[in-house]
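*Asks:* My questions will all concern the structure given below.
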Amino acid sequence: MATQADLMELDMAMEPDRKAAVSHWQQQSYLDSGIHSGATTTAPSLSGKGNPEDEDVDTNQVLYEWEQGFSQSFTQDQVADIDGQYAMTRAQRVRAAMFPETLDEGMQIPSTQFDSAHPTNVQRLAEPSQMLKHAVVNLINYQDDAELATRAIPELTKLLNDEDQVVVNKAAVMVHQLSKKEASRHAIMRSPQMVSAIVRTMQNTNDVETARCTAGTLHNLSHHREGLLAIFKSGGIPALVKMLGSPVDSVLFYAITTLHNLLLHQEGAKMAVRLAGGLQKMVALLNKTNVKFLAITTDCLQILAYGNQESKLIILASGGPQALVNIMRTYSYEKLLWTTSRVLKVLSVCSSNKPAIVEAGGMQALGLHLTDSSQRLVQNCLWTLRNLSDAATKQEGMEGLLGTLVQLLGSDDINVVTCAAGILSNLTCNNYKNKMMVCQVGGIEALVRTVLRAGDREDITEPAICALRHLTSRHQEAEMAQNAVRLHYGLPVVVKLLHPPSHWPLIKATVGLIRNLALCPANHAPLREQGAIPRLVQLLVRAHQDTQRRTSIGGTQQQFVEGVRMEEIVEGCTGALHILARDIHNRIVIRGLNTIPLFVQLLYSPIENIQRVAAGVLCDVAQDKEAAEAIEAEGATAPLTELLHSRNEGVATYAAAVLFRMSEDKPQDYKKRLSVELTSSLFRTEPMPWNEAADLGLDIGAQGEPLGYRQDDSSYRSFHAAGYGQDAMGMDSMMDHDMGGHHPGADYPVDGLPDLSHAQDLMDGLPPGDSNQLAWFDTDL
């Protein structure tokens, strides 16, 4: 147990620490709670002392530390004197804060402000009065400037018209200085004589400084609508266009920015610039290297070209497409690239400018910016590429662009995906190399995934399906592509697109894709299991009855429904069934749908391609003996015999093959007569026995030469042609048009037909005709 002496010794050892803690808290101006200082139960004091009865604390030391914060001490009399002095000078302090200019010079007023960072209450209250004072001063100065300018303008106008160029120069400098102040600027623009003198001087002077000052004055005036009108009325636009030929950069800058302001805000300025030859001058300036200057110049070109075909042709004649493409290829300044892409977008809907842009390398140059961080630049480039893509199907060196477009199909931006799909659709049409490249970079998987994600957005699904249709025929990787669609789970969604709510353009594209997919034997069973055959027959019956109805009422011209001719649907569906009929199980399904009478009827069609696909499907169906008998029973012999003399070799060959198969169980004498007839019909120039003709027609329709589609037809659908890029729509609304060409709100359902083996009236559900759209063909169906 500790002794009394031990406790006393411990207490004495702790005492200095307690005093140091108290001193520390006093210096920090904290109110000591008594916890850290070692005080026990007594109330804390202002000095931070513990027990007041503790006589061991050094009182002098504590008091000295308490007074350390004061630099000097004051007696009671001194405090009273200072207080009186402050009371006597209160009015002067208020006046000094609010109206310091009214004080006598050298007058000393005691300040109540201890910290310069914290204003006194009087100073804070004086701020509004100071602001008011400055406003009044500015108003007085403004009025002085206006009065000065008003008095000086008549004299300066005379000086600008002086014959002495030195005088004119001095006057131009003075007017330029006046135009920098708002009051005098308004006075100048309200004087038509002055503005006319400025314009005339700028146009006629040979002095660089005079030209710079007058152009600068007009630039300052152009920031006000009143100034723009004054410049316009004074004939300033032709003068400014003339200044675009100046060798001085500052004059060029003033001229182009003033013209830009006029084009943006002054009615009639566009026509005046065109008439003054502004377009030619601006195109010539595109070889400059100042990116900000080029940005303004290209924006002027966009304003002038938008909605004006004549301006587009002038830009073309002046070499604009090449210069604009060079800018896209050379610079990285975002605003310049954006304004230039806007000009190219406007020009890309012009049939004359389009090939010029493509030949200048526009597709490749625009493709360089598809991964830019600027969304507005990317979108403009995509719109332009989409408009150009139908004219670029023969372009070389598109590998980089195609790879980027395939990547963009995975974008979350619907507009980006729509454009990318449309561009790919056009670029893969009839271009062997492009098809190969897209397949090699994973295009099939990306397009199938795009269709799956798009749902019922036909502005995406239609171009994506068209691209798949192109990629699945007539190139080395076509068979791989046909398999890839199945392997990436594309067949169910493709067949689904044959059903409502799909519109005719999408249905036509889907029918063509199914026909190509059927070229791959591995797809026969899956397509059958997905119900493709019954739906194709339904669509065929509906389209055929529509054509029959129009023929019966005396219609001679082919009608369009949502831009699609029903004859194209008849041809497409029959062609797809023809390829599917290569599979025995598919032939059974096709025959079971009572289609043979319809196929025989199609042999009488006046359209040669329908005759060909009808004869083709009958050729494959006739491989089965029962089907051959049914074909003969429907009276097919007469039309088939007539088609033997067709000038179309495919039609004649198929007809011969059907007749040959129908004759297999006929007497030998009949076969001999038929052989003579076939030989004389098919081999007019080089006769050969029919039995040497082997199985003529059995291989026709193979992958390399798709029967039923115009292989020699050079026209095909351009995705921008259904409404894209029309100037009257405004460039930012171009995306409002559907690639499929159907009109929003005009929902034409394609209802399913429950039982095609009965001759029921299918005409009530047909969509009404729409002759406002142009037909389109695609050689890659």
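Heads up, the Cβ atoms here are built off N, Cα and C, so glycines get one too.
Swiss-Prot feature annotations, pasted as is:
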REGION    34-56  region 'Disordered'
REPEAT    141-180  repeat 'ARM 1'
REPEAT    225-264  repeat 'ARM 2'
REPEAT    267-306  repeat 'ARM 3'
REPEAT    351-390  repeat 'ARM 4'
REPEAT    391-429  repeat 'ARM 5'
REPEAT    432-473  repeat 'ARM 6'
REPEAT    479-519  repeat 'ARM 7'
REPEAT    521-562  repeat 'ARM 8'
REPEAT    584-623  repeat 'ARM 9'
REPEAT    625-664  repeat 'ARM 10'
COMPBIAS  735-745  compositional bias 'Basic and acidic residues'
REGION    735-781  region 'Disordered'
*Asks:* Work out, from DSSP, the number of helix, strand and coil residues along the repeat 'ARM 7' (479-519).
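*Replies:* With helix first, then strand, then coil, the repeat 'ARM 7' (479-519) has 29 helix, 0 strand, 12 coil.
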*Asks:* Do any residues, 6 or more residues outside the repeat 'ARM 2' (225-264), come within under 8 Å Cβ-to-Cβ of it, and if so which ones?
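*Replies:* Long-range Cβ neighbours of the repeat 'ARM 2' (225-264): 185-186, 189-190, 192, 195-196, 198-200, 202-203, 208, 211-212, 215-216, 218-219, 270, 272-273, 276-278, 281-282, 285, 288, 290, 293, 296-297, 299-300, 303-304.
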*Asks:* Take a look at 432-473, 584-623, 625-664 and tell me which one has the most Cβ pairs under 8 Å to the repeat 'ARM 8' (521-562).
*Replies:* 584-623
*Asks:* Just to confirm my parser: what is the rounded mean pLDDT across the repeat 'ARM 6' (432-473)?
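*Replies:* Reported value for the repeat 'ARM 6' (432-473) is a mean pLDDT of 96.
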*Asks:* Residue counts in helix (H, G, I), strand (E, B) and coil for the repeat 'ARM 9' (584-623), per DSSP?
*Replies:* 30 helix, 0 strand, 10 coil
